[in-house]
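I have placed the structure first, in the form of C-alpha cells, so that the comments after it can refer back to it.
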Amino acid sequence: MQKAVQLSSLASTLVLAEHEAGFIKAASVSAVVAANSVSKDNSISVLLAGSGPSLQEAAAHAASCHPSVSQVLVADSEKFTYPLAEPWAKLVHLVQQRGGYSHIIAPSGSFGKNILPRAAALLGVSPVTDVIEILESNLFIRPIYAGNALCTVRNTGVDPCMMTIRSISFPVPPTSANSKSNVSPISQVDLSTFSEDSVGKSRYVKQTSQNTERPDLGNARVVVTGGRGLKSAENFKMLEKLAEKLGAAVGATRAAVDQGFVPNDLQVGQTGKIVAPELYMAFGVSGAIQHLAGMRDSKVIVAVNKDADAPIFQVADYGLVGDLFEVIPELLEKLPEKK
Amino acid sequence: MKIMVAIKRVVDYAVKIRVKSDKTGVETQNVKMSMNPFCEIALEEALRIKESGLASEVVAVTMGPAQSVDTLRTGLAMGADRGIHVESTGALYPLSVAKLLKALVEVEKPGLLILGKQVFLNASIREVGFVFLPVKLHCIVAWRLRILCGSVTFCHSRFPVKAIDDDCNQTGQMVAGLLGWPQGTFASKVVLDKENRVATVEREVDGGLETLSLDLPAVITLIESPNTLSNIRCNVQGVYDSYTILILLIFKIGTDKAECTDLRLNHPRYATLPNIMKAKSKVIKKFTPQELNVEIQSDLEVVQVTEPPKRKAGVMVSSVDELIDKLKNEAHII
C-alpha cells in the first residue's frame, strides 16, 4: 500500500452539500469554510443532488454562497429526490473517480454521518468524523470521549481524505447579501455511467418534521433548555414562553426527552444536537457529561437549579440556585423585550 | 437460522488502569481482561432468540490478538455453539472491521449478526486522570462517578492512544456499502415484514423522523433509547430465517451506569461451571485477515490527545434581578 505523501500544495476538495427549498443548508456552507482551511490553493467543488427546479435554485445559491467555491456540480435525477445513502454514496464514488479529489468533506449532521462512511467504504478509505479543526491538509482535531479530550489525528492513507466536520466549529462569516461578485460555474454531473447495484433497495416513505415557529436549535443565538426538573410536558410550555420572549430556540436534555416531555429532535448533547449559541440557559438540568458535550462551547451559560451541587454549575458563567417554577415566571416578567 | 455475534475483549471495567510510564498506552500486562459488557448483552440477546426456537445456532466471533480466545471461551461458556477468531495484531479501524465482517458474513451467511457497540473508557482520576483503551471493534464506556459529578481534573494532558474509532458511527454504514445492502442508520423503530422481505425503519434525522423502506438484507443501526429497545424487541422476534439482516446496537459514549441499566436489552447470564467445562471442547475456527482476503489498513494515526480548553469559573447570583443585570451589563447579551 502506498503512503500518500502530500507534498503537493494542490488540494482539491469536494463538499457534499445538503439543500432544502432551493437553498444550501447553513451546515453545508460551514463545510465549505472548513474546506478553505485544508490548504491555501484549494479548489472547492460543491456537489448537490436532487431533482427538479428546487435543485437548480439551490445550485444557484451554492454558486454564490461563499467566495471560495470554484464550481458547483449538480446531479439531477429522480434517484436523488430524497437524500438516501445508497444513491448518494454511489454518486460520490462516481464523482471522485472522475475528479480525483484530495479531500471530501460533509457536515456532521444526520445527512453527512449517514452518507460519508458508506461512500468511504466504496472508495476504500478510513473517514474521520466530527472534525473541529483542520491544522494541515492531513492533520485534524476531533473530540473524543464525549468531548472530554481532543484527539489530533493524522491521515496517512491514500486520497481522498474523507471527513465530516462539526459545523459550529467552522462559523460562516456574515456576507453582504447577494454578493454576486463571484458566481462560480455550475455543471451537470453526467450520470450515464451511474450504476444501479444497491440503488433502489431503499425507498423514502415519509418525513415527520417538527415544524416550529422558533429559530432552529442548531443556529439559534439563544437557547433555553429544560431538563427533568421541569417535571412535565405542560411545564415545558413555560419554557416556550420564555424562548419566545428571548427569540430563542428550545432544547431539552435526554432525561426530558425520555420522559416524553418533548420530541427527541430537541435533545441537546452527545446523542442529540451540539449547539454553541451566544446565550445558553439551562433550567432544571443537572449537567450530565453527555449533555455538557453538546453545549460546552456556548459563549455564556446560565444555570438555574435548586440543587446547589448540580454539576451544571461547574460550567455555568452565571448560576442561580432556586426553584425554576418561581424563577421562570419572574424572568418572564422582568426580561426586556427581545431586540 | 444462524446468528453471529461479535464479541470483544477489553480491560475489565472494574480494573483501575495504569498508563504505561512511557505514555504510549495503557498497561495491559497482568491486568484482568473480560468481555465488553455490551457484547455480553448482544450475546445474551442471541442466546434468547435461539432459546425461543427461532435460531438453530449461535456463533461467537472475535477479532484481535491470540488472547482474545479467552473471551471467546467465555462466550462459548455462556451458550454460544462455536467460535471464530480472526487473528490480528494492532489497531483495527472501522474500515478493516467492516471488511472483516463482510468477509465473515459471506463465509457464514448468518440470518442475523448482532454487535454491541460502545467505546470503553476507564478513568481513574486520582491516579491518571484519563485513560484510553485500544478500541478495535467496539467497547463500552464506564464512567467513574467522579466524572459524572463533573469534577474531572486531568493529571496528564497528553498521551497517545491507540484507538480512534470511538463514537465514529461508521462501521454499519461501511459494512452496508461493502455488501451493497441498503442501510437504515440511527433507527428508533424497525418493523420487519417477512412476506415482502422489507424492513420499515424510522430514523432520527435533523429536524424530525424519516421513514424508509429497505429491501432485506439490510444493515440497521439502532440509536440508544429505552423506546428503541422495546420497539426492536417486539419486532425482531420471529421474523428472519431466510435472509440476513445485520443489527448493530449502538450505544453512545458516556452512557452512565444508571442509564446503562435503563438501556439494557437484557441481563446477561453467568457462565456456570459445567458450561465452562463444556466450552473447552467447543470448536473455535481461526482465520487470518489474509485468509479472508482482507488487507488491514491503518491509515489514521493518533498524534496526541489533549484536554479541551477550560471555561473560566463562573459566579453564583442570588436573584433573578441580579442575573438580568449581569446578562445586560456584564455579558451584554440581552
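Positions of Cβ are set from backbone N, Cα and C atoms, glycine also.
Annotations in TrEMBL come from automatic prediction, not curation.
Keep in mind the model is a prediction, meaning the values are calculated, not measured.
Database features (TrEMBL):
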- A:13-198: domain 'Electron transfer flavoprotein alpha/beta-subunit N-terminal' (DOMAIN)
- A:Arg228, A:253-254, A:267-271, A:284-291, A:Asn305: FAD binding site (BINDING)
Might you list, by sequence position, any residue in that chain lying six or more from A:Arg228 (FAD binding site) with a Cβ less than 8 Å away from its Cβ? A:Thr253, A:Ala255, A:Ala256, A:Gln259, A:Gly284, A:Ser286
After the CB under 8 A filter against chain B, the remaining binding-site residues out of A:Gln267, A:Gln270, A:Val285, A:Ala288, A:His291 are A:Gln270, A:Ala288
Around A:Gln267 (FAD binding site), which residues of its chain at least 6 apart sit with Cβ under 8 Å of its Cβ? A:Gly251, A:Ala252, A:Thr253, A:Arg254, A:Val257, A:Lys273
Using DSSP with the three-state reduction, classify A:Gln267 (FAD binding site) as helix, strand or coil. strand
Among A:Val285, A:Ala288, the one of these binding-site residues whose Cβ has the fewest neighbouring Cβ atoms within 10 Å: A:Ala288
Just checking, which of A:Gln270, A:His291 (binding-site residues) has the fewest C-beta atoms within 10 Å of its C-beta? A:Gln270
